[in-house]
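Asks: Here's a structure for you.
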Amino acid sequence: MVRLFVKWHAVCCFALFTCFLDAVWGQIRYSIPEELEHGAFVGNIAEDLGLDLDKLSARRFRIVSGAKKQYVEVNLENGVLFVNERIDREELCEQSLSCSFHLQVVIENPLELYRVEMEILDVNDNSPSFPWTEFNLDISESAAPGSRFPLESAQDLDVGSNSLRTYLLSVNEHFLLDIQTRSDGSKFAELVLQNPLDREQQSAHQMVLTAVDGGAPERSGTAQIDITVLDANDNAPVFDQSFYRVRLAENAPKGTVVIKLNASDLDEGPNADITYSFSGHAPIKVRQLFSVDSRTGEIKVKGVIDYEKARMHEIYVQAKDKGPSAVAVHCKVLVNVLDKNDNLPEVILTSVSTPVQEDAPPGTVIAVISVMDKDSGENGNVDCEIPHQIPFQLHSSFKNYYTLVTSDFLDRETVGEYNITLTARDMGSPPLFTRKTILVQVSDVNDNAPHFKQPSYTVYLTENNAPGASICSVAALDPDSGQNAYLSYSILDGDIQGMPVSTYVSINSDNGNIYALRSFDHEQLKNFQVTVQAQDAGFPPLKNNVSVNIFILDQNDNAPVIVSPLPHNDTAPSEAVPRSVDPGYLVTRISAVDADAGQNSRLFYQMLQATDPSLFSVALYTGEIRTIRQLMEKDPTRHRLVILVKDNGQPPLSATVSIILSVVDSLPDSQPDLGDLSLSPHHSSNLTLYLIVSLGAISFTFLVAIIVLVFKKSNLNVRMSTGASGCAETNSTGALPQVYCYKMCLTPESSKSDFMFLKPCSPVLSVQQNNAKSTDYLTSGWSALDRNELSNNRAATPNEVTHVITTGSCKLSLQEGTAPNYSWTPKYTQPHSEPPDYQHNVYIPGTTSGYSTLKLAPRGELDVYNTFSTFGKKKRFISNYEQPFDKDDALISNAIFK
């Protein structure tokens, strides 16, 4: 609703309103009287500028005043310009005939600038006043008719027609009033003697002087003139000239002599002693700026001479002798003030748009700047500049107005804010300058995607972890700021062994901590990979992905399981031993499996209890039970052995088995049924020999093939050493032949092939499938038996034991800056589990090496018996308490633990 200004009707009768539009300069001029109250109507600026009222607020219509006070304001609802604060013309412009101040209208979207000039018209609100209410004049009786006597001037703060118009003198018979006009248009009065005075008739005269202005209604002020008639002093002083013109530099120091006046008197004595002083015509402001030496007549600077306040000064001086009835004479001194470059340029920021978005196009307006200098001429001409090495430019719209715009695209990540130093310098000599710093902040735009600190993450997690525990943390960075840099983490959907990845791990969306949701089992899951996504909160959001590889490390959480021999009907298994056997006779063999991997699955056998410890021993690595000495008649016919099977984990886990050995005179001869090995109770020695020869031939052929492939691939010298060991004996019960391990070492330095024979390794048991069929496996270091099958199926029985040839495993060693180094070395592979994956053969920093922590149990007494390396050699008896360690044993031990 348009606001009505009621008080406007009270002043419209004397307010002069003019408005014109300068099409060239974009200026509007309004004229209003002073002393209008708050809310008084000035004009409809929106209508005068042709602006749409509905868009004033949207375009940020505002008025910027160069004055110290905001005298006018605009109503954005109706576009009316109204008085905001009472305007006192005399306070604003003092005695200047014209009084105005300037406003700047700023409109954005697009940017438009208009200059508004507000002319303040004078109102007759001040009455003329005299400096004193009484004036004393001494006039000699000898004064001739026509003599003039200057009177003190009245002061009227109003100007124009409202200023002092005339003086009136009360009726008398001796004097009349002569009114004169100064160069600035002000009036002053002189008292003119019309008829001669006669002191003897009347020694004093009193009159009333009235000053009247030209306002409507007119105002006036009065003063009383007291005239004393003096005795005659017939010669008055005389100045060299009645008018003087001098120049005075602005800011002249106090005490500077402006001019030295000289007056002469033809009289003698006291009547010729002249004193100088300001006449009554001298304004108060002149008396404040200058002083007159009463004895010498020198006019000196007393106050601050400011060219910007007054460019010239009129000084009225009188000279008077000291004689009786002295008559004062007068002169005028016109002082022209010379301008000096003593005012610094002023910089006014009328509009600043900050912060500015970093994707703002070049040419975006940042600030509107106006400059001014109170000096004149070249001293008042101002030029502005900003540094060149910043992406901003300064454009001049019109005189003393500039716009600060962008000259290039901004990047907050490179520079977040700019301190732009604006230098305004005038053309004076020497030039003066003002520096003003404009802070321009760059607001962020979501133009940077998150990036992770690592290209990928690898996590090694020991199995049997606690569900809900933190397993690792990923971290991403975003160079943006605020919401654009706030990151949230998530795991992308996927499957692990047919199950959603969300059932395995979760992630904290705020900090990137990854948590295990279940306890992992190395025997079921060795490793898996998840994809983590980091997404910022910008619009539109940006994101990035990283792969997290999680390896489940084995833990010794499975105890060895005895698979052969097994108890029958809850009774310990039994074996028959002929009384006539020689030392080193293979009685039976204990077979066990361990579901763990690596060193946790390496098994050792130890005699825990025995009826006669001096009669039987168990091999440390193979579990073979052999006789230590020949049986005697006094030896018991029934022996109970307790065998401890222990793995190499930390801490080690173990299992025990009891076996009953019965000493018999002889074993019955029975031919094994070769059609079904799993049901045949005995084997003949010839069959064992044939089997050994067949296995050796197959192994040899396999090794030769590998050698040929290696020579074709790398053209390296190959040193090959192969070993095979086995037992050539079978027990009288027709036990299955042993499994033999072969080792082949391929080294680039070797130029020959050496073969060595090793001890027999533990047999490998196959896992019976659902069809219960026995299957022979030929495995190598790169083949794998599914550990899950072994854990999910029942343990194999002695009839399900198959023959496996273990050929070793391949180790890959990579060093930075070098080519891969391949070495093919044997691996002591336990038959119950799949061969270890590459983690078992490659040392992982931060984990404990299985080989470095391996603790050897005491060797079995007869480990060296019945091997290829001892074939044909004389047997020697080794007691339970001896620790043999000859050259062959050292070779075997190194081959196993390398």
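Backbone N, Cα and C atoms are what each Cβ position is placed from, and that goes for glycine too.
Among the features that TrEMBL reports, signal peptide is placed at 1-26. The domain 'Cadherin' annotation in TrEMBL covers 31-130, 131-239, 240-347, 348-452, 453-562, 569-674. Annotated transmembrane segment per TrEMBL: 687-711, in sequence order.
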Asks: Quick one: DSSP breakdown of the domain 'Cadherin' (131-239) into helix, strand and coil?
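Replies: Tallied per class, the domain 'Cadherin' (131-239) gives 3 helix, 54 strand, 52 coil.
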Asks: Summarise the model confidence on the domain 'Cadherin' (453-562) as a single mean pLDDT, whole number.
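Replies: Per the prediction, mean pLDDT sits at 93 for the domain 'Cadherin' (453-562).
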Asks: When DSSP states are grouped into helix, strand and coil, how many residues of the domain 'Cadherin' (240-347) land in each?
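Replies: For the domain 'Cadherin' (240-347), the helix, strand and coil counts are 10 helix, 47 strand, 51 coil.
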Asks: According to DSSP, how is the domain 'Cadherin' (569-674) divided among helix, strand and coil residues?
Replies: 4 helix, 49 strand, 53 coil
